[in-house]
Amino acid sequence: MITVRLPDGSQREFDTPVTVAQVAANIGTGLAKAALAGKVNGDVVDTSYLIEKDSDLAIITDKDAEGIDVIRHSTAHLLAYAVKELFPDAQVTIGPVIDNGFYYDFSYKRPFTPEDLVAIEKKMTELAKKDEPVTRKVMPRDEAVAYFKSIGEAYKAEIIESIPADQEVSLYTEGKFTDLCRGPHVPSTGKLKVFKLMKLAGAYWRGDSKNEMLQRIYGTAWAKKEEQEAYLHMLEEAEKRDHRKLGKQLDFFHFQEEAPGLIFWHPKGWSIWQQVEQYMRKVYQDNDYQEVKAPQILDRGLWEKTGHWDNYRENMFVTESENRSYALKPMNCPGHVQIYNSDMRSYRDLPLRYGEFGQCHRNEPSGALHGMMRVRGFTQDDGHIFCTEEQIAEEVTAFHAQAMAVYAAFGFENIDVKLALRPDSRIGTEESWDIAEESLRSALRACGVSWTELPGEGAFYGPKIEYHLKDSLGRAWQVGTVQIDPSMPGRLGAEYVAVDNTRKTPIMLHRAIVGSLERFIGILIEHYAGALPLWLAPVQIAVLNISDAQAEYAQAVAQNLKKQGFRVHLDLRNEKITYKIREHSVQKLPYIIVIGDKERDAGTVAVRARGNVDLGVMPVDLLVDRLNSEIDAKA
């Protein structure tokens, strides 16, 4: 007798081994029809999976996140099937699920065209309507290699050859197409009804620029048409908000080929930078961080001690001088340990908090660069806390409060907190990991927040808390982290004198709230579609005169506002006032002041708020009060 335990606590008993699909049918015909996969004892499997012992089972449908992943993975295979039908000489390589969709890489003798994409999507629809069963077959590795070589799929054969010889591999077949895959997949192609091919791109085989350039086709797939339409609408909105376009349109910054992955900040953009940096500097000061500055370039010997030279050198910019090797720092932590080591420390000094606006450089592949979101040079609000194990929870609790206050000030209210736990490959004892993970859980419980745990996602040296912001389009951005590191202080010789007069190694907490300032500003630009709140706006007020008769008064008003700390643009051009208003409105300024004869004579100003909102005529002092209140409220 086999007992199958269901999520609602009920049980089903079967005399013989039973498939997931059969259990679903036993529960009800509706569930049997909706079933896409199953979760047996925590593992997602095909509906054809045979349950041979007492097990926990959840039936996966398109209402589950795992079900959407199965749909997308299966649609990637459907894409490859369609390409092989239309272009038999194309070779298939890999096709994983990604956020909101999937991609598949192909090798083909000519570039695919947008017209090809239309034809491929049409063929996918035809194949899906056939509702062909998707079947799984397991075979020995060498047999699988021989099979793919026999059908001319050299890339698949190469992938399988990298698998240990004693391992079996699984193949999935739908119609005439067979692919290597772990699975799981939908039971038949008819389950794939809502999908769209999005774009073409290039990708190196195995991500190595020394290898052949393949052709990557991106797609998206959903359970319901309405969900896909909402996603495509979000993409349209995201395109309008693209920080690269807005950065050029609003004269914030630019990029050019002579400096890939680096930013040329214009005066307006640099003003935004300064507002963010100054705000974060006050966060340091208000929370007892000592601001420091470590060198940009450090000797190879230090990077060897930290392990970066052996494990991260490909991502570092390296140089030589006078027969010594150096690297531009890709991160700030080793420099902070050196500052800590510059003096003898006592337990009375701990916790010791350092903060730096540290400029880092990482040699990211050119194909991975993306505006300000992925760069080669960036500055972090990077802090490190040296403390004892007993102080971890209190420090993390305090950091959490700081981070949440910062996100609220910048206009982010929807924050997901995630706890990344020990990975398979790690250093340290199980006991040290237990202590570190429980310290973070204890801190989060003390904060009264809910969180999601991510098993296996921690760094090799310690667990971390991640902060994921959702922007105005519902997109998630991982920005802040606080991470426990018991390793680096010891590798670099950091010590403190304990209560019992022995030497001990401190724990180091890596913490950042906004992370890369460049990336965070890019997120802000897209979140607000360039219409930054008053306190961040590079130009807060434009002062416009209607004619030369008001020029002197307009200058006096502008000067008055500047003296009170506002960022003001004075526009005395001899243009029609409607033209000037329209031009400054396009620049998304928070406020526009218009001055005519009436305002000049009465010593007032006519005020327009962003969005062409007419606030009427008011004295300058009243406007100043309004502006200061808005800035103080970070509204």
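Cβ from N, Cα, C; glycine included.
Pulled from Swiss-Prot:
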BINDING   Cys333, His384, His510  Zn(2+) binding site
DOMAIN    1-61  domain 'TGS'
REGION    242-533  region 'Catalytic'
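Neighbour counts of Cβ atoms within 10 Å were compared across the binding-site residues Cys333, His384; the minimum falls on Cys333. Taking all protein chains in view, 22 other C-beta atoms sit within 10 angstroms of the C-beta of His510 (Zn(2+) binding site). For the recorded site, Cys333 (Zn(2+) binding site), the DSSP three-state label reads helix. Each of Met331, Asn332, His336, Asp382, Gly383, Gln483, Asp485, Met488, Met508, Leu509, Arg511 belongs to the same chain as Cys333, His384, His510, is absent from that list, and has a C-beta within 8 angstroms of the C-beta centroid marking the Zn(2+) site.
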